[in-house]
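Feature list (source: TrEMBL):
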type	residues	note
DOMAIN	47-226	domain 'FAD-binding PCMH-type'
BINDING	GLU210, GLY211, ALA212, LEU213, CYS214, TYR215, ILE216	FAD binding site
SITE	ARG262	site 'Important for enzyme activity'
BINDING	ARG337	substrate binding site
ACT_SITE	TYR398	active site, proton donor/acceptor
Amino acid sequence: MSLSREAIVEQVKEIVGPERVVTDENVLKKNSVDRFRKYADIHGVFTLPLPAAVVKLGSTQQVSDVLAFMNQHKINGVPRTGASATEGGLETVVKNSLVLDGSGMNKIIDIDIENMQATAQCGVPLEVLENALRAKGYTTGHSPQSKPLAQMGGLVATRSIGQFSTLYGAIEDMVVGLEAVLPNGTITRIKNVPRRAAGPDIRHIIIGNEGALCYITEVTVKIFKFTPENNLYYGYILDEMKTGFEILREVMVEGYRPSIARLYDAEDGTQHFTHFAEGKCVMIFMAEGNPRMARATGEGIAEIVARYPQCTRVDSKLIENWFNNLNWGPEKVAAERVQILKTGNMGFTTEVSGDWSCINQIYERVIHRIRTEFPHADDITMLGGHSSHSYINGTNMYFVYDYNVVDCKPEEEIDKYHNPLNKIICEETIALGGSMVHHHGIGKHRVHWAKAEHGTAWALLEGLKKQFDPNGIMNTGTIYPIEK
Ligand SMILES: Cc1cc2nc3c(=O)[nH]c(=O)nc-3n(C[C@H](O)[C@H](O)[C@H](O)COP(=O)(O)OP(=O)(O)OC[C@H]3O[C@@H](n4cnc5c(N)ncnc54)[C@H](O)[C@@H]3O)c2cc1C
């Protein structure tokens with residue numbers, strides 16, 4: 001028989017100590033959602049089952065003890081660190097869930113300069129690790145816009161990517177080794193080695209699991225030299241996304257590795273670069289690192305763009321200034337809440353990827369379908385997007401949309417606006433051969449297309465869930481759809 005809510009709380013208090021178990025209703029409400037439901041949250045409306053408690057975890061052993069207890073009694077758990085999730089991964093959709101908060105596990109364990117790697121517990125905010133490294137002249141190379149909010153466990157769990165990815169790679173290229181706890185309480189450690197061929201790369205079972213397979217407790221990432229004095233900035237305006245995609249492709253195919261390579265369409269470009277975009281698309285690059293390589297990268301890019309007379313260069317200073325104000329900390333989140341309450345105007349994003357032969361079509365078809373098919377298109381105040389992470393074989397597209405919330409209750413907003421917009425983007429991207437999710441994770445709202453996304457490879461993902469979480473206690477409804 002399943003345990004009552006009261007019994008769950010009492011028993012978890014015995015395991016970790018009462019001071020680590022929070023049952024305050026306001027805290028539970030906040031812990032039942034993430035930024036996917038930010039509109040309802042801002043209006044104080046919480047419609048999902050509230051968790052039984054938030055458990056403030058203090059050590060790997062506590063994670064193990066709590067998970068073993070939950071597994072024995074089939075209690076659902078939602079892992080959480082920085083709480084900057086945007087896709088519903090933190091939503092507590094199962095009654096009497098426990099939120100497993102690892103933000104208190106926040107020690108930097110080691111900065112190992114000789115082997116160019118740093119080890120941190122899951123609750124270390126990326127910005128804290130980054131600042132500790134910069135003080136010694138090094139960097140993680142990882143710089144998502146949420147750097148001040150996101151923590152190491154969540155960053156690995158979501159397969160996050162930073163703004164300098166074209167040079168340093170995404171989190172999966174940075175993780176050397178990990179420690180994690182399996183749902184039955186087993187502590188597992190993947191050792192730190194530069195490379196090995198000892199079977200499949202088991203790091204990838206953990207990286208990107210979104211709390212649906214295991215709990216990440218410790219992470220070792222690569223580090224790099226930090227040389228901001230060598231940064232070179234390039235900015236251009238141009239008429240068409242198609243030309244921009246061609247240039248991005250050429251830069252990648254020629255082997256250049258700028259840290260930033262971005263292409264904004266006219267709508268998105270105008271909102272970011274009002275002072276010079278002139279209603280056109282905007283393309284920006286940053287070259288960094290060793291001065292010789294930075295210079296060669298910058299010169300190579302400038303030479304490629306010069307082959308396209310439709311591109312006009314803008315002052316580099318404009319790009320540098322914009323870039324230095326890009327990250328989101330708690331103050332921007334708070335300002336956004338005030339703004340949404342005041343205006344009723346919401347902003348959301350959906351990020352996808354595709355190879356070079358389909359990405360422009362994905363972009364055009366999505367925009368066209370939203371404009372012509374979405375029944376509330378008149379409420380949209382901005383619709384556009386940008387490519388911000390390029391690879392030799394393709395790039396991503398980050399759709400951005402703002403809308404006025406009209407004639408609906410706060411809890412109806414996602415079904416009236418966000419979900420139908422997501423649907424068009426996911427359907428169209430998958431139909432054209434791309435991936436419906438480039439870096440935010442599947443969460444609980446893109447889960448409807450998870451099987452279509454993976455096709456016959458779904459059997460592999462399904463096998464992992466059966467093997468590691470046979471009782472289905474880990475973040476139910478995330479990555480894996482709830483079977484009716
Ligand atoms: C303003 C803003 C900008 C953003 N910019 C970027 C960006 O540039 N690039 C990018 O990739 N993302 C970005 N994001 C999304 C978000 O910051 C990332 O997904 C980030 O990796 C989440 O980290 P977190 O610590 O906040 O995790 P959380 O929000 O706490 O959790 C995220 C997911 O991971 C799971 N999880 C958390 N901790 C663990 C753990 N220890 N073990 C197992 N599972 C766990 C959770 O269950 C959840 O499913 C942005 C978000 C915001 C709000």
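A Cβ is built for glycine as well, from the same backbone N, Cα and C atoms used for every other residue.
Projection of TrEMBL feature records onto the structure.
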| residue | record | CB count, 10 Å |
| --- | --- | --- |
| GLU210 | FAD binding site | 24 |
| GLY211 | FAD binding site | 25 |
| ALA212 | FAD binding site | 26 |
| LEU213 | FAD binding site | 25 |
| CYS214 | FAD binding site | 24 |
| TYR215 | FAD binding site | 28 |
| ILE216 | FAD binding site | 27 |
| ARG262 | site 'Important for enzyme activity' | 26 |
| ARG337 | substrate binding site | 14 |
| TYR398 | active site, proton donor/acceptor | 21 |
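Among the recorded positions ALA212, LEU213, ARG337, TYR398, no residue is identified whose Cβ is positioned under 6 Å from ligand 1.
Ranked by Cα separation from ILE216 (FAD binding site), the recorded positions ARG262, ARG337, TYR398 are led by TYR398. Cβ proximity to the FAD site centre (mean Cβ of GLU210, GLY211, ALA212, LEU213, CYS214, TYR215, ILE216, cutoff 8 Å) flags the following additional same-chain residues: PRO79, ALA157, ALA180, ILE206, ASN209, MET474, ASN475. Of all the recorded positions in the list ARG262, ARG337, TYR398, the shortest Cα-Cα distance to ALA212 (FAD binding site) is found for TYR398. For LEU213 (FAD binding site), the nearest of the recorded positions by C-alpha distance turns out to be TYR398; the candidates were ARG262, ARG337, TYR398. Taken residue by residue with DSSP, TYR398 (active site, proton donor/acceptor) is part of a strand.
Spatially, by CA atoms, the recorded positions CYS214, TYR215, TYR398 include one closest to ARG262 (site 'Important for enzyme activity'), and that is TYR398. Mapped onto three states, the DSSP output places ARG262 (site 'Important for enzyme activity') in strand. Between the residue listed as 'substrate binding site' and TYR398 (active site, proton donor/acceptor), the C-alpha separation comes to 22 Å.
DSSP classifies ALA212 (FAD binding site) as coil under the three-state reduction. With respect to their backbone Cα atoms, the residue listed as 'active site, proton donor/acceptor' and GLU210 (FAD binding site) stand 20 Å from each other.
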